Amino acid sequence: MRYLITTALAYTNGPLHLGHARSTYIPADIIYKYLKLRGEDVIHVGGTDNHGVPITLTAEKEGKSPEEIVEKYHNEIKEDLDLLGVEFDAFGKTHSQIHIETAQEFYLKLKENGYIYEKEIEQFYCPNCKKFLPDRYVEGICPYCGGEARGDHCEVCGRHLEPFELKDPYCVICKGKPEIRKTKHHFFKLSALKKELEEYIKNAKEMPEHVKNMALNWIKELHDWDISRDISWGVPIPGTNQVMYVWLEAPIGYISFTKMLGEIWKKYWLEKDTKIYHFIGKDITVHHAVFWPGMLIAHGSFNLPTAVVSGGYLTLEGRKMSTSKRWVVWVKDFVKNFDADYLRYYLIMSAPLFKDCDFSFDDFKNKINNELINIIGNFTHRVLTFTHRKFKKVPIVDEDRLKEEDKELLKKCEETLEAVDKNIRSFKFRDALVNILHLAIEGNSYFQKMEPWAVDDEERLKEILYTCCKTVKTLVYLLYPYMPKKSLALLELMNEELDLELRGNELKKPKIIFKKIDNKKIEEMKKKLYENKKEETKGGEKMEQIDISYLEKIDLRVGEVVEAEDIPKSKKLLKLMVDLGDEKRQIVSGIKGYYKPEDLVGKKVIVICNLKPAKLCGVLSEGMILAAEDDEGNVSLLTVDKDIKAGSKVR
C-alpha cells in the first residue's frame, strides 16, 4: 500500500499563525513521519495557493506585481514550516508552469467529458479600468446598516451581501462607478454527480464521520458551480480571456506538485493501491469532500481521496483569532521564544484534532512543565543519567531471564506500540500521545519501585536498567513523529539509531533535553499580544459625532418573532416573521450561525422599521433586527429586560 499525504495549500497573502499549524500542518507531518518510520511507501505533498482576488487587490493597492506578493509569502510560509519541523517531498506553487499546464489539461478533460457549459450572467464592469469586477473589487454602502461594505460582506453589521445590493457602489481600484454588463461564465455540472458523490462518501470507510455528515448534507442541494472569473491573474481557461476560479484549480495542485517528483507521480494518482489523505482546516471541508471528488469523478482517471481530515479552529486566550485585529500569534514569533517541539506537543495534546480548542500561554506552560517534562523528561533523564553513571553504556541482557515485573513493563511497551499505531492510522493523534505519556508514567513507577540505587546485585541492576532503557527507546521511537528534534537529541545521548533495537552502545554524557519554560518568557509574550490588541483598538477608526436629529429619523420598535426558518441557499441567513403590533413583517437576518430558528420564536427583538426593503438571496427583507457583536465574533440579539408589547417604540 502507498500513502499520499497532502496539506491544504497556504494562501500567499501572509505568513502562518498557530491556527494553521494546529489544524493542518502538524497533524499531517505526524502521520507522514510515523508511516515513514514504519517503512511504508509514503510521500507528503504541499505548497502555496497563489491566485485569487485578494492577491491582485493587495498587489494593486501596494503598487507591486502579483508575482512579487506571491514570491514573498511563498518563501515566508516555507520558512515557517521548516521552523515547525514539517517536512515535504514536494512543495510547489500554483503559479508554476507545471501547475498551470496540469490544471488546463484537467479542465479540457472535464470539457471533453461534457461537464463544462457556458451561461450568461450579469456582473459589475468598470469602464475606467476596462474590466469586470469580482465581488471584492466592488465596495459601497451597506443597504442595511449604512456602513462601508465589500461586495460580498459588510464588516459593520456582518451581513452577507451580493454586489448589486450595495448603495453607491464603486470600483476599489479607480473609485469610479461601475456598470452592470452581461458576461459569459463557465460552469461545472456538479449537480449531475449527486448519485456518484453520495456513493463515494457513503463507501469512504476511513473518512471521519463528521466530514461524511457535512458532505452528505451539502450533496442534498447540489448546484452547478461557476468556475470562471473575469480577471487576468490566475490559470487561463483555454480559448477564453478568463481565468479559472481558484477553487477549481487549487486542488489540482495536489496532482501537479506530485508531478515535481517525476514519473513516480503516476503511482500515487493512477494506481489503485494508494491511500490519499487530505489534511485541511474545517472551513474548507466541503471544497475537499464534495467539489474536489466531484471534479475527480468527472475527469475519470485519478484516485479519489481516502479521507479528508479536517482540523478544528484554534482560539487564542479564549478569543477568536483575527489577523486584522492583531489578535494572533505568528509561527515565526512563537518559535523565537519557545521550542517548536513544545508547540507540536501542546497543540496535539490540547484536544482531539476534529474539535475546536484554545491556545492559552499559561496552559501551554503548565502542560509542558508539569506534564511533558515532569513525566517524560524526568523519566528519560533519570534512566540515562543513572545508567551512564553505573555502566557507561546500556547493559544488554537475555530477556527470557527477566523477572515478571520487568516483562510486564516490556509488555506495556508492546501494547503501547500497537495502540499508537491504531490511533495514528485513525487520525486520533491526541489518543496516541496519551498512550505514549501513560507508558512514561508506567516507566517512572517501575523505576521508583525497583529502586536501582539500592540494588547491590550487579546482574539484577543490569536487568532493571535494560528494562528502563528499552522503555526509553520505545518512547523515543514513538515520540519522534510528534517531537522530532527532542527525540533525535535523546537518541544522540543513547548513541542509538531511530528504531526499536537496543545495541548496548556507549552512552554519551547526559544532559537535560527537556528544559522548563520560563514564566518570564510567557509573560513577555502575553504582554506583547495584549499590547497589539490595545494598539489596534486605539488605532481603530472613530465614528464621527452626530446630531440627535439623525436618531429621530430611525423608527425603532420592539418586535416579537412569530416564525423563523432556514434559507437553505445561504450559510448565514434566516427568514423571520416579526409581529410589530399593528402589522407583521418578513425580515432576513444574518444570525444563522448563532441562533437556531426554533429558539427565536417568541423572542422580543429590536427592529429598524423604516429601512428600505431589499432582497437577500432572493428573499424580501422589510427591516433589520439589531444585534451586538464583540471582538471575538460573539453575537447577541438586542432585547428588552422586561415584557413589553410588540410595536412599542424605542426612544
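Even glycines carry a Cβ here, placed using N, Cα and C.
Taken verbatim from Swiss-Prot:
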- Cys142, Cys145, Cys154, Cys157: Zn(2+) binding site (BINDING)
- Thr323: ATP binding site (BINDING)
- 550-651: domain 'tRNA-binding' (DOMAIN)
- 10-20: motif ''HIGH' region' (MOTIF)
- 320-324: motif ''KMSKS' region' (MOTIF)
(request) Count the other Cβ atoms sitting within 10 Å of the Cβ of Cys154 (Zn(2+) binding site), across every protein chain shown. (result) 23
(message) Long-range neighbours only, meaning 6 or more apart in sequence with Cβ under 8 Å: which ones does Thr323 (ATP binding site) have?
(response) Gly14, His17
(request) Could you tell me which of these binding-site residues, Cys142, Cys145, has the greatest number of Cβ atoms within 10 Å of its own Cβ? (result) Cys142
(message) Summarise the domain 'tRNA-binding' (550-651) as counts of helix, strand and coil residues per DSSP.
(response) 7 helix, 43 strand, 52 coil
(request) For the motif ''KMSKS' region' (320-324), would you mind checking the mean pLDDT of the predicted model? (result) 84
(request) Using all protein chains in view, find how many other C-beta atoms are within 10 Å of the C-beta of Cys157 (Zn(2+) binding site). (result) 19
(request) List the helix, strand and coil residue totals of the motif ''HIGH' region' (10-20) as derived from DSSP. (result) 3 helix, 3 strand, 5 coil
(request) Count the residues of the motif ''KMSKS' region' (320-324) that DSSP assigns to helix (H, G, I), to strand (E, B) and to coil, and report the three numbers in that order. (result) 0 helix, 1 strand, 4 coil
